[in-house]
Amino acid sequence: PAAAMTGVLTKTFLLGVATFALLHTGAEGSEMCSCFYIRSEWEGNYDADFSVQSTIRFKGITCELTFDSPVDSLNYWQGSVEMVDSTHFILTNEIYSAEPGDDIEFGIEVHYSGATQPVITGVILNGDDVCDGVGDWSTPQPMENPCAETGMTPYDYSQVLCMSYVFYEAQRSGKLPADQRVTWRGDSALDDGSDVGHDLTGGYYDAGDHVKFGFPMAYTATVLAWGLIDFAKGHQTANQVEYGQAAVKWATDYFLKAHTAHFEFYGQVGEGNADHAYWGRPEEMTMARPSYKIDSSAPGSDLAAETAAALAAASIVFKEVDSAYASQMLTVAEELYAFADEDRDVYSNSITDAASFYKSWSGYGDELCWGALWLYRATGDEAYLEKARAAWDEFSLGTDAVQFAWDDKRAGCYALFTLLQPDTAEYKNSLESFLDYILNEAPYTPQGMVFLDTWGANRHAANVAFIALWAAEYGNTDHTATYREFAETQINILLGDSGHSFVVGYGVNPPQRPHHRSSSCPWPPADCTDGWAQQQPGPNPHVLFGALVGGPSEDGTYSDDRNDYVHNEVACDYNAAFTGALAALVELH
């Protein structure tokens, strides 16, 4: 039982221990831990009371006790007792809960037959040593970068690829796994979906906040899977295949949960404005987190088709790894695509809270094409190719794309059509016309970064770099060298060619104050909610390794300002194509 509880809570539990004047000593002068005091004693027995103060919200207690001499038995009426041996006992109470500032109190009765009274000399509560209440145990050690340098030049694309997947671990919602590398995160939002009677735990927090926006999350999963599929060699060289699969699966597991009935899908958990008003860690959230869905009476073609694309792409990733899981995803993908196609509307008309944050300005036509292409690639079913062609024609998708992002998938459609229909010049022409615009007509910063949007400019540069690298590899183009040179230039600017890195924890003068609530919160976490964490001028207490920040203004200026969510926020979609581009560059170096 102790091992089951220790992992995550060791990283998150912080206690202030009450001090008691009454101390007891054992046979060799051992002092009773100050978190216990003996309330009453009689021959061969004593009652002891435990008290500490919690500084975080938690549920469940595992308390490991060490005595300096043998104990015959121990009673703990509020839970269960496991006797490991005569000097080690484990107390468990799965329902005990506390809020910051609450006193954690319980009593025990100790029975012994030796000549001396056994003294409690060690107390580990939920993984933390609380015997004396002082020491380094109360503050987690700074997390080291789990991604080693590889010596790759001019930048360590392999290391940054590893770090990008670490960032996704920092964004995880739900119950964290034992192999979680981001040690300052803990379980969170374990009641998601309870308002509608479904388990909607898991998935990713969108950005520096804690809403689970399904539309950009689905785009993120699709593009991460795309990178794993088409730049598999780069992932293999960097030893990142399994981490990439885990990043995709964290999203797709959630999507499968969110598909709760035929033509019913939950596309958001958390209300945007209420969530954004809270500056704190997700582990301590207490606000309501409503669940929002699309169904036949309130459809969302863009959301359903993008999720279908994500599940179809992921089925390719897992086909040789877990065929049953791949098949399950493909079945749901096909139903969601049918839902998207048959009941048409933009999802923000149904999940109205999303309209202020992730409205699909491009409409749903690009997702209908994109989703059908991924389903065709995954199944080989010609009916999906015909669906993609129909959407291409109906929505005039072959022209006017000026970016590739969570909203607009047209450039992605150009690429997939070029791969899947190599004999049709129209698609290749659209892909090359798009890249010609990016290379020759789009605006650039003075440092040479293509500038496609004020909000999250770095993300857009990385996205088109990925498309260019993909076109160079798979587009049967005469511009291979040009596309690769452009893409490497863009990624190198993000990694340091502008004079500093835009990736947290990497390179020269990287961002230290990303707009990201969880990493900005110090210990104890209670200090986070008083405004200090958002306003203090120093670096975030936790390094958000691998996160790509928003980026500069068009004039090239950038400030590492925690409160500047336009230029210094991070987001799951920011890193998606960036990750694939890094894998492509690993292949080239």
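Every residue, even glycine, has its Cβ placed from backbone N, Cα and C.
Here is what TrEMBL says about this protein:
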- ASP560: active site (ACT_SITE)
- GLU569: active site (ACT_SITE)
- 37-133: domain 'Serine protease gd N-terminal' (DOMAIN)
- 157-582: domain 'Glycoside hydrolase family 9' (DOMAIN)
- 1-29: signal peptide (SIGNAL)
Of all the active-site residues here, ASP560, GLU569, which one's CB has the most other CB atoms within 10 A? GLU569
Between GLU569 (active site) and ASP560 (active site), the C-alpha gap once rounded to whole angstrom: 10
Using DSSP three-state counts, the residues of the domain 'Serine protease gd N-terminal' (37-133) come to 0 helix, 63 strand, 34 coil
Average pLDDT across the domain 'Glycoside hydrolase family 9' (157-582)? 96
